[in-house]
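Asker: Look at Swiss-Prot and you will find HIS129, HIS133, HIS139 tagged as Zn(2+) binding site.
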Amino acid sequence: MQPVLECEIFVENASGLELPELAIAPWENHLQRWLPELTAALPPADGYELTLRFTTDAEIHNLNHQYRHKDQPTDVLSFAALEDNFASPLPPGEPLYLGDIIVSVETAQRQAQERQHSLQTELGWLVSHGLLHLLGWDHPDEARLIEMLDRQAVLLRNVQLIP
């Protein structure tokens, strides 16, 4: 059994939609379960923090344009707070802020319908993808994308979002 890792998860619903799939507690629980499995490559810390924001196509379009120079909405954006050469130890008791995951609920709804699975499952794919990006994963080629998708599938199975 893994030791309990202190994780502070901030979940915001800015989508304007009141859907059971956007309830805060399940996402806090999923991220609390996923983080201890993924922290081996992170600098040691007494705990970790991140923000998950559910939003609209309009907001994610603006962010995608501002930060990635792509004038269109996207499904998920990640803004990692970690730097590659993170070397200085944190003060005792201070959590390490990992960054922000932003998910467009409108795009997730369309993709769930196209992929013929639930919105909850699609959100799981997007949130886990964003989390891996916060932790330094990337997919510059097909092989790395497959590796990332395989890892996401493990995470989703661990919280029963996929069989």
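The backbone N, Cα and C atoms fix where each Cβ goes, glycine too.
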Asker: Which residue, of the binding-site residues HIS129, HIS133, HIS139, has its CB surrounded by the fewest other CB atoms within 10 A?
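Answerer: With the binding-site residues HIS129, HIS133, HIS139, fewest surrounding Cβ atoms within 10 Å: HIS139.
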Asker: What other residues of the same chain, not counting HIS129, HIS133, HIS139, have a CB atom within 8 A of the CB centroid of the Zn(2+) site?
Answerer: VAL76, SER78, GLY130, LEU132, TRP137, ASP138, MET148
